[in-house]
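Take a look at the structure set out below.
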Amino acid sequence: MDQNSVPEKAQNEADTNNADRFFRSHSSPPHHRPGHSRALHHYELHHHGVPHQRGESHHPPEFQDFHDQALSSHVHQSHHHSEARNHGRAHGPTGFGLAPSQGAVPSHRSYGEDYHDELQRDGRRHHDGSQYGGFHQQSDSHYHRGSHHGRPQYLGENLSHYSSGVPHHGEASHHGGSYLPHGPNPYSESFHHSEASHLSGLQHDESQHHQVPHRGWPHHHQVHHHGRSRHHEAHQHGKSPHHGETISPHSSVGSYQRGISDYHSEYHQGDHHPSEYHHGDHPHHTQHHYHQTHRHRDYHQHQDHHGAYHSSYLHGDYVQSTSQLSIPHTSRSLIHDAPGPAASRTGVFPYHVAHPRGSAHSMTRSSSTIRSRVTQMSKKVHTQDISTKHSEDWGKEEGQFQKRKTGRLQRTRKKGHSTNLFQWLWEKLTFLIQGFREMIRNLTQSLAFETFIFFVVCLNTVMLVAQTFAEVEIRGEWYFMALDSIFFCIYVVEALLKIIALGLSYFFDFWNNLDFFIMAMAVLDFLLMQTHSFAIYHQSLFRILKVFKSLRALRAIRVLRRLSFLTSVQEVTGTLGQSLPSIAAILILMFTCLFLFSAVLRALFRKSDPKRFQNIFTTIFTLFTLLTLDDWSLIYMDSRAQGAWYIIPILVIYIIIQYFIFLNLVITVLVDSFQTALFKGLEKAKQERAARIQEKLLEDSLTELRAAEPKEVASEGTMLKRLIEKKFGTMTEKQQELLFHYLQLVASVEQEQQKFRSQAAVIDEIVDTTFEAGEEDFRN
């Protein structure tokens, strides 16, 4: 073991120098403390046999031979061990879309307890060994659990592994040892909680670099990966992916089982300088924060790394699925052109002593990290562009909507303004019309207008009477025609004024209907005279004109209408109106009796007196004339001459029923109605007279009080006292009180007397009714 270790150390140093020269231009000067050679890798991606894209090695021949010899003895066991014990779960294949020979990147979960114990024993055995030849099949499983516990790795080591086409499911874990040279190692790599996210892009936002000094443990950088998304896309910082990495717009970023946002890894490589790179947005479970996983401070002191590493996996299962990414360049171009894979990996923890095998895997991870970062960045750039377009379109639509809304509001305001203007005009016009109608109503109801119309009606009546004389009509024909036209115009104006003032209620009055009919007849007469002035000698037209002229006699009735303001006339007309139902009933009885007697007389005396009893109508007319008691003796004598002497008892019965009963009933109803109306009128007049007298007395007393002391406002009692003093002179207070009490008693006595009188009147009526009923009973 010791003999083999010497050449192996030399070989490793040579490989380290080669790798240093190979990546010198892409890394920033590290800040490293010797002796702190353990890096914590909480959820590291395990490259299960990912071959190189072109199937060739990038290592020197010596390193390639050495790696092939070391791998040949354990490749089968390593493959088998990683297949059987890779976290106790199947690794989900993940394609990066590079080449068909690309392997699968598994998703990691927490270890089982039994597997943890076995790996802990294996880790102790490998941790104590310092030879490179200590590589055996259990070391592969260390790589699955956390492939670089306490060691840096040489970049470019495992390229020969990928070129050989052997599916390497893990590499040996080298914990300390003679192959870890002391000093700054710019190509050591440390992995975060989830190496599966693989540094989705390079961000150049230098403001996000937090300068965290190395305090004893170079890899304890207090890197807090917060659960919220702090994704800073590359285009937001004004920079793009390096060295021709093509971003596929159709690539998709890996999604989490719990949908947690990407966290932003903040780090610092010693001093703050522009060449530092962020590790992008690492998709990570929010419970796997470095705040919660700082337990690695306690078990990175050259102790059992595997047992302590198991505790960091207890935070929860991490299931990851990666997305397809198409990048046209080979892994060689990604390694040589991308300036940040090694430097970006070294930015998480301090640089440690180099290890030749870890660098190759780290380079492959760096390339996959760049691809994943480019995929995520391209998708987010594309998503942001789409969202920007959508926001612009939405802004345009919003602007158009606001314009349409503004136009609608303006139109609505215009309509509302026009509506308000129309409403205001309508209200104004209605107010003017109402005022005009009120003025016309006051005019038509005024005494002057009534007097003028009454004078016109009287003059028209006198003119109609004068036209009955032939000599006056012939001499004053022209004057009569002129006056008739003037009267006609006055009647038309009166009707129009009343229709305007009263509206349709004008036709609800009988007198108004009579006036309107007379006015209509006058209009027809005037029109016929004007249109047929040359056909005046036509017989039919002449008769029509005579009819209209005779109807002008109805204007005399207007005199009675103008006399309606007289109280007596109003009482008579009111009484007739109230007695009409009773009169109508009596008239129906009279007509029934007349019809019965007509039928009997026609059947009996049709042959004896055919002139009077020929048919039912002539018989009714004959009986109606008998109501006047005219010529009833002639009817009897003619019938007796023809042998119908028995007509006399029938005529007597008819005259008694019709004349003495029914006609007297009509007169009785009218008289009773008139008496009732007169009594009510008298009572009403008496009450009105008493009310007027009382109001007059009260007004006189108030006038005297106001005239005496106009400025003094006295109460009701004071006013009464003053009134008493004026009537009875000066009195003492005791006398005033006694007088006031006396007046109250007198008033109460008068009230009681009034009640007594009313009760006595009721008793008198009852007694009278009783005596009348007794007399009727006695007579019966």
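Sequential numbering from 1, following the chain as shown.
The backbone N, Cα and C atoms fix where each Cβ goes, glycine too.
Because the structure is a prediction, the values reported are computed rather than measured.
Membrane topology per Swiss-Prot: W478 and A644 share a side, carrying the same topological domain name. Highlighted: of the candidate stretches 448-469, 509-531, 646-671, 509-531 has the greatest count of Cβ pairs under 8 Å to the transmembrane segment (479-500). Across the topological domain 'Extracellular' (605-615), DSSP classifies residues as 5 helix, 0 strand, 6 coil. Sequence-remote contacts of a segment are chain residues at least 6 beyond its ends whose Cβ falls under 8 Å from one of its Cβ atoms, and for the topological domain 'Extracellular' (605-615) they are 622, 635, 638-639, 642-644, 647.
Within the chain, the topological domain 'Extracellular' (629-645) has long-range Cβ neighbours (under 8 A, six or more residues past its boundaries) at 604-605, 607-609, 612, 622, 651, 655, 659.
Per-residue pLDDT, averaged across the topological domain 'Extracellular' (629-645), gives 84.
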